[in-house]
Amino acid sequence: MTTVYYDQDVKTDALQGKKIAVVGYGSQGHAHAQNLKDNGYDVVIGIRPGRSFDKAKEDGFDVFPVAEAVKQADVIMVLLPDEIQGDVYKNEIEPNLEKHNALAFAHGFNIHFGVIQPPADVDVFLVAPKGPGHLVRRTFVEGSAVPSLFGIQQDASGQARNIALSYAKGIGATRAGVIETTFKEETETDLFGEQAVLCGGVSKLIQSGFETLVEAGYQPELAYFEVLHEMKLIVDLMYEGGTENVRYSISNTAEFGDYVSGPRVITPDVKENMKAVLTDIQNGNFSNRFIEDNKNGFKEFYKLREEQHGHQIEKVGRELREMMPFIKSKSIEK
């Protein structure tokens, strides 16, 4: 049975009197740091010089190189991209850890797959908001929150659980509810969701639909509208009320087509392929491939990215979005 923790369930403020170093000031970093600061905690930022360093200064934080921030802190929350956490930990965090420090993460990748192996005398915990940083911050300011996960990997001090829950409350997460998990469960489910459904699955489904229509002689512009542009309408309905809300909101024609044609596209073979993806995540094949490619300068990653950038659906989409000024441009600068 899933247990959800709320504000009233956090009986002890285990962060009281402790200094918190937030390492990184990107999407999650700025939200965690500002929420904690607004709740009265002593927060410093650890980051390398650059735009984020300057932004943290502008936002009123004491900002230090990572090693200096860690030296001062009792709790260290690492909010850096997965691929750079290992080097930053080895060179700047690990040498400055002290007994009974608490080392925290918002995603379990590097702990679960052994890239980062903390000493046995420090606490290791996870607090993972289920939403992007700007939403974590905005909902906090509005008086609500984004639901989050928390988990304990090591409890050297005997207080890791209290510290993790206090941290979750500090960023506002217990207003909405915090679900207990493990580093293993959070990591494997997160990667599976990204690869099989949210990113890999959806993007390939859209591409295949686009190609099917274009190859059948339909105009690429119409294909784009039908399989990509209108996706937002469906996702918004699903986000607000699940698949039942989608089916309630669409036409009877669309709903009937959902029932009779959906299983023809997503066949039992697709589920078997999903199981294979999950197996590659569980046994470390995916993480090893990602880690090795990172060591080799992301040659495979950048090659795959460039191939996808050149797909016809991307070219058509860029042209059509010029016709829609009501869409706030989020195009990536090259």
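A Cβ is built for glycine as well, from the same backbone N, Cα and C atoms used for every other residue.
Now, the feature entries from Swiss-Prot:
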ACT_SITE  His107  active site
BINDING   Tyr25, Gly26, Ser27, Gln28, Arg48, Ser52, Asp82, Glu83, Ile84, Gln85, Gly133  NADP(+) binding site
BINDING   Asp190, Glu226, Glu230  Mg(2+) 2 binding site
BINDING   Asp190, Glu194  Mg(2+) 1 binding site
BINDING   Ser251  substrate binding site
DOMAIN    1-181  domain 'KARI N-terminal Rossmann'
DOMAIN    182-327  domain 'KARI C-terminal knotted'
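Sequence features annotated in Swiss-Prot and their locations in the structure.
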residue : record                 : CB count, 10 Å
Tyr25   : NADP(+) binding site   : 29
Ser27   : NADP(+) binding site   : 16
Arg48   : NADP(+) binding site   : 13
Asp82   : NADP(+) binding site   : 17
Ile84   : NADP(+) binding site   : 13
His107  : active site            : 21
Gly133  : NADP(+) binding site   : 22
Glu226  : Mg(2+) 2 binding site  : 14
Glu230  : Mg(2+) 2 binding site  : 11
Ser251  : substrate binding site : 8
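Counting only same-chain residues six or more apart in sequence, the Cβ atoms lying under 8 angstroms from the Cβ of Glu194 (Mg(2+) 1 binding site) belong to Gly200. A sphere of 10 angstroms centred on the C-beta of Asp190 (Mg(2+) 2 binding site) encloses 18 other C-beta atoms. Distances between the Cα of Tyr25 (NADP(+) binding site) and those of the recorded positions His107, Asp190, Glu226, Glu230, Ser251 are shortest for His107. Spatially, by CA atoms, the binding-site residues Ser27, Arg48, Ile84, Gly133 include one closest to the residue listed as 'substrate binding site', and that is Gly133. Along the domain 'KARI N-terminal Rossmann' (1-181), the predicted structure has mean pLDDT 96. Secondary structure at Asp82 (NADP(+) binding site), taken from DSSP and collapsed to helix, strand or coil, is helix. Here the domain 'KARI C-terminal knotted' (182-327) has, by DSSP, the following mix of helix, strand and coil residues: 122 helix, 0 strand, 24 coil. Note: the Cα of Arg48 (NADP(+) binding site) and the Cα of the residue listed as 'active site' are spaced 21 Å from each other.
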